[in-house]
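According to TrEMBL, the protein carries these features:
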- 32-87: domain 'Acetyl-coenzyme A synthetase N-terminal' (DOMAIN)
- 89-475: domain 'AMP-dependent synthetase/ligase' (DOMAIN)
- ARG196, GLY197, GLY198, LYS199, THR316, SER530: CoA binding site (BINDING)
- GLY392, GLU393, PRO394, ASP416, THR417, TRP418, TRP419, GLN420, THR421, ASP507, ARG522, ARG533: ATP binding site (BINDING)
- 538-619: domain 'AMP-binding enzyme C-terminal' (DOMAIN)
- VAL544, VAL549: Mg(2+) binding site (BINDING)
- LYS619: N6-acetyllysine (MOD_RES)
Amino acid sequence: MSTIDSVLKENRLFPPSEDFRVKANVSGMEGYNALCEQANNDYEGFWADLGRELVSWKQPFTKVLNSTEAPFYKWFEDGTLNVSYNCLDRHLAGSGDKPAIIFEADDGTSTPVTYRELHQRVCQFANGLRSLGVKKGDRVVVYMPMGVEAVVAMQACARIGAIHSVVFGGFSAKSLQERIGDARASLVITANEGLRGGKSVPLQAVVDDALALGGCESIQHIVVFQRTQTAPAQWDARNVWWHELTAQQPTECEPEWMNAEDPLFILYTSGSTGKPKGIQHSSGGYLLGTLVTMKWVFDYKPDDVFWCTADVGWITGHSYVCYGPLAIGATQVVFEGIPTYPDANRFWSMIARHKVTTFYTAPTAIRSLIKLGADLPGQHDLSSLRLLGTVGEPINPEAWIWYHEVVGGGRCPIVDTWWQTETGAHMIAPLPGAVATKPGSCTLPLPGILADIVDESGAPVEPGKGGALVIKKPWPSMVRTIWGDPDRFKKTYFPEEFNGQLYLAGDSAHTDENGYIWIMGRIDDVLNVSGHRLGTMEIESALVANPLVAEAAVVGRPHEIKGEAVVAFVVLKQNRPEGEDAKRIARELREWVAHEIGKIAQPDEIRFGENLPKTRSGKIMRRLLRVIAKGEEITQDVSTLENPAILEQLRVSAL
Ligand code: WT7
């Protein structure tokens, strides 16, 4: 992979400036090393101190880590708290009038919402949910556009102890239905439609379709936020307008006091096999993870204007839009739209207008904005910025250097943050006032995070050698289980090969001579397309569900902007199509996948064959498909291949 080659050659070091280091929350390598040492000397004491310092408890915990049912670890188990109280109420006395959210709508209008106002809106909505019978432990699916209401919906669930499961607004009715069914949710919160890039996005209509598919009998109400004037095509007796639900509700709402281990939310993510996994997070440990990383990695200061561009449909939007920034009392920008509307100046203009200090986005967005106008940031006053971040995939050094020079004016550290839906919060990232950065490396684990790179037997590999990235000790914000499937949780993350002792991240990585970690990519059949996680099996199952398709295999190939592109090899039940016929069927299959999963999973390329390359025992040889997808010559051994002629056919058939 060309990105990896260039990453491997990259060795420039960018230490923090003296000015940044002096003011930083963790200052210099002395500061970083001191924290690591504390964690090494007394692991539980280290996390207990942070838990007491950063989280407001109703009933303080006396127990720290309970490993008796490992890998089902418990943190702070006898403590009680409410996450929404931590995000809102505790700021009212000192910062009630501080803007919590500066909301910028798709059309460019912006509205500040203070902590006091946000608190009132969350309380009203929480009371509304209670009036519909939602109670502690119930599951609530949130299928919303980006905006203040999405945050209000999630915070209101947290306030009454309901477990939210946010489904990204780009997922199809089928995906939504599967998630509602798996979580046995009792309520869906949606909007009539969303607005992105000047276009409306159907939401309530997709919910209607999802419910019509069946299997969602658990749903009792659908709360609909009216984002636009478009009237709903259908209005079920179970539907309730958001504004009607909240109109008469009191602006105070007693929080439900939760045990630290009570689930805060489920978020579905793709795995290597089968259906998406409901990643279940806790209340106490998760909140601590978001808080400590806001402080260390984002070096949070009270006068910051923080902006994470992620949608709340992903973990990044949970931890660094909905929870972390509010829990620490920050002012943050929440953006409804897309980076290219009305044009590719949008992000830069927003940074200038809102005086953003901390900007956090995905490498794929950076790459596409370079392509659309590498000189555009220069036309805006970006002098408010002091810290930049990236997340979701490795960043190629070229894009890193551009981000550093052109966006950050050469003065802002870049925090390349490695983490996952399962980890809840950053795990490997430079503390910006301490760790010198290297373009393309997420650098060093955070204090209290024991990352390592191991071989198949679980033994650490030498620097420079690739291996599996693992975490050696449980950490507070870790996934607690897979909703409804504890066996799968155990097998996936704490496999027998490592005696159930190591958390297996699913990424391969290596370290360099400075001990810096370089992420190489997934070791399972998971693709990373524009920072979004997609299971190849999921796309394959969607394809074979089409009546025309006999067999399908999906692989990734490097893509300049998206990181990875989806390439599908398809065998039809009919003869292998050619010419216009092939184009038409390929188009149909793309639409089919959008319909089954969502547009984000649509294959970039489809190749039809009479068959797929298989071993004599019938196993599809994916490594050959990856070579073909890249457009490279096959130099590997094909002697075990049953049907070598098929390779040529697939090689010439890109559509
Ligand atoms: C996978 C997790 C974590 C929020 C967004 C994605 C990849 C994530 C980085 C990074 C290289 C990264 C990994 C990981 N990944 N951050 N800084 N450098 N790779 O969350 O959907 O759970 O995906 O994203 O492969 O396993 P996710």
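Each residue's number is its place along the chain shown, starting with 1.
Every residue gets a Cβ built from N, Cα and C, even glycine.
Automated prediction, rather than curation, is the source of TrEMBL annotations.
Quick caveat, the model's predicted, so the values are computed rather than measured.
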Number of helical, extended and coil residues in the domain 'Acetyl-coenzyme A synthetase N-terminal' (32-87), per DSSP: 27 helix, 7 strand, 22 coil
Separation of alpha carbons, ARG196 (CoA binding site) and VAL544 (Mg(2+) binding site) (Å): 32
Which of VAL544, VAL549, all binding-site residues, has a Cβ with the fewest other Cβ atoms inside 10 Å: VAL544
Close recorded positions near SER530 (CoA binding site), where close means Cα within 10 Å, chosen from GLY392, TRP419, THR421, LYS619: GLY392
Cβ neighbour count (within 10 Å, all chains shown) around PRO394 (ATP binding site): 25
Maximum Cα-Cα separation in Å among residues GLY392, GLU393, PRO394, ASP416, THR417, TRP418, TRP419, GLN420, THR421, ASP507, ARG522, ARG533, which the record lists as binding ATP: 18
Assigned conformation of the residue listed as 'N6-acetyllysine' - DSSP reduced to three states: coil
Cα separation, ARG522 (ATP binding site) to GLY197 (CoA binding site) (Å, whole number): 32
Nearest of the binding-site residues (ARG196, THR316, VAL549) to TRP419 (ATP binding site) - Cα to Cα: THR316
Close-lying recorded positions around ligand 1 among ARG196, GLY197, GLY198, LYS199, VAL549, LYS619, where CB distance stays under 6 Å: none
